[in-house]
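Quick notes on the structure that follows.
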Amino acid sequence: MAGYNLEAIEAAPLKDDMDIVIPTIRSLDFLEQWRPFLKHYHLIIVQDGDPSIKIQVPEGYDYELYNRNDINRILGPRANCISYKDGGCRCFGFMVSKKKYIYTIDDDCFVAKDPSGKEINVIAQHIKNLETPSTPHYFNTLYDPFRDGTDFVRGYPFSLREGVQTAISHGLWLNIPDYDAPTQLVKPRERNTRYVDAVMTIPKGVLYPMCGMNLAFNRELIGPAMYFGLMGEGQPISRYDDMWAGWAAKVVCDHLGFGAKTGLPYLWHSKASNPFVNLKKEHKGLHWQEDMVPFFQNLRLSKESDTAAKCYMELAKMTKEKLTEVDPYFEKLADAMVAWIEAWEELNPPVVDGNN
C-alpha cells in the first residue's frame, strides 16, 4: 500500500482546514512550548468559570476567546446545553468553528518526544490519521496499513482494502495516564513510559473510552455528534463529558460508515488531578457507566438517520426513553442534546443544493 508522506504534511499542515480548541480556566503559558507546531493555526479558546478573570494568551497567536457571557449571548436560551466548570465546555468551540478539522488539547499537556528524542508533531500525525482511510470491518494484524513500511497482511479481503473515511483520531499520553479516581488512588505513582509506535482502527461495533485531551476529528463528518454532554456545576456528574461524546460519536460513526483510529500521536500529560476531588465528580458515573455502555452497545439507529445531526437527535430520544430509568438526570441530558443540535444547526445551517 502506498505510504503517506508525513514530511509533506509538516511542510503544508492544512493550516486553513483545522482549528485548535482549548478549554481553560487559566492563562495559556503552556502554548509557548507548542509554538513550533501550533503557530500557524487559528485557536478557539473557551474560558470556563468566572468570565471576569482575564486570560493571557502568548503573543503571536491568532485566536478567538469566548467566556460564559459570550456563550450566553450567542446561544441565548440554549446556552444551558454547554457545561459549566467542566472540560466539556470545549464543545462550544466545535460549534462555532467553520473548519473541516478540529484538534482539541488540555492546558496541562505539553510536547512529548519519541524514543529517538525527536519532538512529536501531534498535528501532523492527527492529520495523517484523518486523511487516510480506516479499516473498521476487518482487523489488520499489522495495524494501520496506510502507514509507511506496512500493508494489508495475507488473508485480508481485497474487497475491504479501500477502507472508509476516518472521522476520529484519538491520541494518547506519556507520563500521567488518564485514570479514574479509584485507579489513581491505588496507583498514585504510576506513570506511562511506554511509547507504542502504532495506529489502529477501532473495529465496528466496539466502543472505547475516548479522552478529550489529545483528540482530532473531522467536523464535517461527525461534528454534531461530538457533544461533551451536560456536566460540571449544577449536575450530578463530571469527568464523563469526553466518555459520553466518545460513545455517542463511535455509534454514529459505525452507523454512517466512518472510522475511528487510536494510538499515535503522543503528548506529555504533565499534571495528575486530585483523586479525591475526582472521586466526588466521578462517583455516579462509575456506577452509571455499567448502564451507559450497554445502552450504546445495544442501540440501533434507523435508516432515516443519515447525517450526524439526525443520528444525534434520534440518540437523544433513546437516551430519554432508556436511561431516565437509571436516573432522572438523563432526561435533562436528553433535552440538552436536543438543544445542542438546534444550536448547532442555527450556527451551521445545512448547505442547500441549488440544483434541487
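Including glycine, each Cβ sits where the backbone N, Cα and C put it.
Positions annotated as N-linked glycosylation site by TrEMBL: Arg154. Within the same chain, no residue at least six positions away from Arg154 (N-linked glycosylation site) has a Cβ under 8 Å of its Cβ.
If you look up TrEMBL, you'll see Arg154 (among others) marked as site 'Required for activity'.
TrEMBL lists Arg161 (among others) with the feature site 'Required for activity'.
Arg161 (site 'Required for activity') counts 15 other C-beta atoms within 10 Å of its own C-beta, drawing on all protein chains shown.
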